[in-house]
Amino acid sequence: MMKDSEILLFAKNKKLPMVQRHFLILFLSSLLGACGSENPEQKTSLLNAPYPTQTGGTLMGAMPSDPSSLIFMVAGESASSAITANLFNSLLTYDQNLDLAGELAESWQVSPDQKTLTFHLKPGLVWADGHPLTSEDVFFTWQAIIDEKTRSPYASDYQLVTKAETPDKLTFVVHYDEAFSPSLDSWAGLQILPKHKLAGQDLHTTSFAQKPLGSHYYQLKEWRHGEYIKLEKNPKSVLGPANIDHLVERIIPDPGAQFLELMADNIDSLSMDPITYARIIPSRPELQAWLNQYESLGNSYTYLGFNLKRQPFKDIRIRKAINLAIDKQEIIDGVYLGLGEQIASPYKPGTRWSNPELKPYPFDPQQARSLLAEAGYKDSDGDGILEKDGKKLSFEVLTNHGNKEREKTAVIIQRRLKEVGIEIRIRTIEWASFITRFIKTGDFDAVVLGWQLGLEPDQFGIWHSSQQKPGQFNFIGYNNPKVDQLLERGRREFDPDKRMHIYHQFAEVLYEDSPIVYLSAGYNLTAIHKRVRGIMDPVPPAGVGYDSQKWYLPMPLRRTQIQAE
Amino acid sequence: MKKILQNPLALTGLCLIIVILALALLAPWLAPYDPDAIHVKQILLAPSTQHWMGTDGLGRDVWSRMLYGGRVSLLVGLVAVGISTLTGVVLGALAGYYRGWVDTFIMRLVDIMLSIPSFFLILAVIAFLSPSITNVMIVIGLTSWMGITRLVRAEFLSITQREFVMASTALGAQDWRVIFKHCLPNSLTPVIVSVVLGIASAVLLESGLSFLGLGVQAPQASWGNILTDGKEYIQFAWWLSLYPGLAILITVLGYNLLGEGLRDVFDPRSNNAR
């Protein structure tokens with residue numbers, strides 16, 4: 001076939017066949033390249049050989065959607081923070097063990113009355129354009145986030161600041177009405193923006209949101225909407241330059257398509273679900289040969305939450321019985337393929353805030369049955385479902401549509417509760433109407449949901465009895481004066497050890513009350529190409545991405561760059 | 001009946017349907033496992049002698065779930081079409097027999113219903129009510145009667161002009177007697193074809209709705225929601241997508257073949273041609 005066409009083309013034009021042949025070679029080599037042009041053993045030994053740290057190269061990643069803005073306080077979405085975390089610095093940060101450390105700030109002090117925080121900036125900080133970064137920029141950023149016009153979802157913590165001052169270019173002082181210990185965390189979360197670029201502009205409409213200027217390891221090079229975002233090393237980075245020259249985040253909405261791109265070696269790192277991580281990759285040795293897999297406990301948990309304003313959940317015995325009737329390990333094994341942990345307090349296990357004394361509720365259907373009997377429920381009509389005063393012990397569990405893990409969790413719970421005589425109906429609802437129609441109105445029996453936690457132990461918003469208004473986070477209606485008091489104390493205490501003690505007590509009261517059933521804390525699962533070196537092993541508590549500026553790409557392993565002539 | 005058996009299309013269709021119906025009806029005896037039993041240690045096993053069609057994401061036996069899912073899918077198909085046939089025949093008969101403003105009213109109603117894309121109408125209604133098997137049956141039934149109404153009305157228009165009907169009216173028979181004794185029995189032939197084809201599309205609709213999570217709810221199995229579960233694992237657990245897909249295909253094909261076959265059998269013109 002090829003030959004015929006070659007002859008045909010030859011007859012017409014002498015030059016063409018060469019081109020044709022080149023195309024063919026290119027085409028063939030790209031085909032071969034996909035199956036591994038070098039011999040596989042050689043390739044494996046190349047991949048596993050040690051290499052010294054070196055700079056340069058491009059790291060490819062994928063994210064599910066385009067950020068709406070690269071000013072995080074305005075966008076407030078994970079797609080935005082995934083990029084801005086590489087562009088902007090905060091005053092404080094968390095170190096690898098999740099303790100507070102300085103980033104732009106060299107040091108910070110809490111005044112004796114605990115109402116004033118003083119930050120001392122590192123000297124000689126500059127923006128990527130060379131303009132000096134001073135306390136003026138910090139002050140400007142604080143003003144921007146508390147500005148009504150900014151409408152930032154994160155404004156509340158900063159609105160508590162009664163007065164902010166900049167006595168000199170390297171000092172930033174904030175005053176509070178009363179001691180507020182979560183404030184330190186809030187200053188680790190505020191990405192400092194450049195005043196000289198943004199002064200007098202509307203953060204919602206400014207072109208800066210598409211073409212930002214930061215101070216961190218990278219700066220924006222190119223953004224093709226819906227295609228990719230390319231970041232370039234910032235040589236003036238306030239924390240010293242990173243090793244890798246370019247970061248490219250490709251926008252790939254579908255996780256399946258993201259995984260296909262990983263398999264085709266078009267991206268270097270990908271976070272994934274348990275099935276892909278623990279089933280698909282291990283079933284393909286050729287993938288395992290060039291992928292490193294990392295798992296680390298995430299800072300979130302899934303729970304079954306009861307509407308405590310409704311019957312039968314006002315009765316603690318019912319809540320405890322349900323807790324005992326659910327086999328959490330079964331959920332971890334079935335839904336997360338064992339890649340998760342049982343928890344007994346609303347904090348990441350292993351951190352100082354998690355109470356090590358508390359052990360997860362055991363799976364004990366026998367005790368669950370006796371608690372239900374004690375509460376007056378028995379199966380009088382023989383249909384397998386318990387009743388009390390002619391009313392069946394039956395309720396509806398809601399979860400958001402499209403979250404397969406939560407849906408599966410609900411099915412497992414349904415099965416287990418049926419065994420002790422409780423009937424549940426599962427209903428999955430699309431997220432927006434789930435929140436507006438059911439959560440905000442409090443019109444639900446029980447929910448399977450998750451909490452993504454920050455690194456700050458204060459959970460005032462979730463558990464304090466004052467936080468039950470529509471749109472607030474205590475939508476299950478939890479009300480316990482003891483917990484209220486502990487949460488209030490925790491917010492006033494700066495001493496980490498005393499705080500730890502408070503939050504341990506808080507977790508203990510929750511444990512006894514069982515207002516929610518802790519189901520599992522899942523792992524963050526990531527696969528990264530072996531060409532990426534310098535990744536901290538074992539994974540520190542801060543996660544696999546910690547210190548990623550030290551990652552490097554050894555020259556022989558870099559993706560071949562095809563250059564246009 | 002003999003003619004039906006002689007028609008290869010109808011016969012193939014009938015055989016497929018009988019097999020599927022038999023499997024669904026005998027599900028409690030044929031299913032080797034409890035279709036809802038969760039075994040977290042046996043997740044996503046490939047088909048084997050123990051699990052003929054493998055296991056799903058919660059370790060449930062897919063073969064057992066297929067059998068029980070078949071019951072749901074076929075039940076929804078039959079009941080939905082029952083509802084639509086009843087509605088369609090009654091309205092069509094009224095329109096065709098009484099004519100005048102009754103006819104105008106009913107036919108405009110039909111036009112209105114036909115102008116709304118039925119799948120979106122169903123989606124909207126289900127979103128309002130909560131999704132459940134009963135709601136799905138009723139909604140599918142109440143959105144697919146228009147074709148039958150038109151068929152029955154057209155038949156009635158011609159039958160009411162025939163001598164035996166006129167004779168019966170002249171003898172003083174009451175309306176309901178004329179409708180039920182004379183007109184209806186003579187207009188049912190095209191309806192039967194339409195009903196058989198209707199079941200096929202109802203099965204497909206139910207699968208579609210369940211696939212979108214708006215049909216049959218967990219833990220109850222239906223072909224549609226087995227298929228949804230399969231979508232997640234399609235890269236390596238092919239059995240979760242293949243078998244329910246095949247089941248839907250075979251059922252719909254069966255009803256369509258039977259419908260087409262019946263049309264050939266009942267249609268005098270195609271008979272003469274043969």
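Cβ coordinates are placed from backbone N, Cα and C, and glycine is handled just like the others.
In TrEMBL, annotation is done automatically, which means it is predicted and not curated.
According to TrEMBL, the feature transmembrane segment maps to B:9-31 (among others).
Taken from TrEMBL, the feature domain 'ABC transmembrane type-1' covers B:70-259.
As annotated by TrEMBL, transmembrane segment applies to B:72-97 (among others). Sequence-remote contacts of a segment are chain residues at least 6 beyond its ends whose Cβ falls under 8 Å from one of its Cβ atoms, and for the transmembrane segment (B:72-97) they are 20-21, 24, 103, 106-107, 109-110, 133, 136-138, 140-157, 159-160, 175, 178-179, 183-184, 191, 195, 198-200, 202-203, 205-207, 215-216, 220-224, 247-248, 251.
Positions annotated as transmembrane segment by TrEMBL: B:109-129 (among others). With a threshold of 8 Å between CB atoms, the same-chain residues lying at least 6 positions outside the transmembrane segment (B:109-129) that come near it are 91, 135-136, 139-140, 143-144, 146, 149-150, 205, 208-209, 212, 214-215.
What TrEMBL records for B:135-152 (among others) is transmembrane segment.
The transmembrane segment annotation in TrEMBL covers B:191-216 (among others). Listed by sequence, the residues of this chain that lie at least six past the ends of the transmembrane segment (B:191-216) yet keep a Cβ under 8 A from its Cβ atoms are 72-74, 76-78, 80-81, 84-85, 88-89, 119, 122-123, 126-127, 131-133, 136, 140, 144, 147-148, 151-152, 222-225, 227-228, 244, 248, 251-252, 254-256, 258-259, 262-263, 266.
Feature annotation from TrEMBL assigns transmembrane segment to B:236-258 (among others).
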Within-chain partners of the transmembrane segment (B:9-31) [C-beta distance under 8 Å, separation at least 6 from its ends]: 61, 63-64, 67-68, 70-71, 73-74, 247, 250-251, 253-262, 264-265
